[in-house]
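In TrEMBL this protein carries:
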DOMAIN    2-41  domain 'Ribbon-helix-helix protein CopG'
REGION    43-68  region 'Disordered'
Amino acid sequence: MKRTTIFANESLMESLREIAIKERTTVSATIRAAIEEYVGRRQPARTLPSAPTQRYVSCDPSGAVRSE
């Protein structure tokens with residue numbers, strides 16, 4: 001793990017302290033979790049490989065009818 005320094009205003013630090021106390025953890029752990037969540041949302045979503053699909057047309061509410 002690498003050490004870094006951040007600059008944050010007092011109100012942000014107070015909010016981090018409150019969260020850390022509520023979650024019974026440290027401010028450092030709270031910041032790490034927030035950064036991990038942020039980075040995770042910024043990464044492109046991985047997609048599943050596409051599978052061949054067949055076309056179905058349904059006019060009957062009891063089930064799908066395959067179109068030819």
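Here the Cβ of each residue, glycine as well, is placed from N, Cα and C on the backbone.
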Three-state composition of the domain 'Ribbon-helix-helix protein CopG' (2-41), taking helix and strand from DSSP: 28 helix, 0 strand, 12 coil
For the domain 'Ribbon-helix-helix protein CopG' (2-41), the mean pLDDT of the predicted model: 97
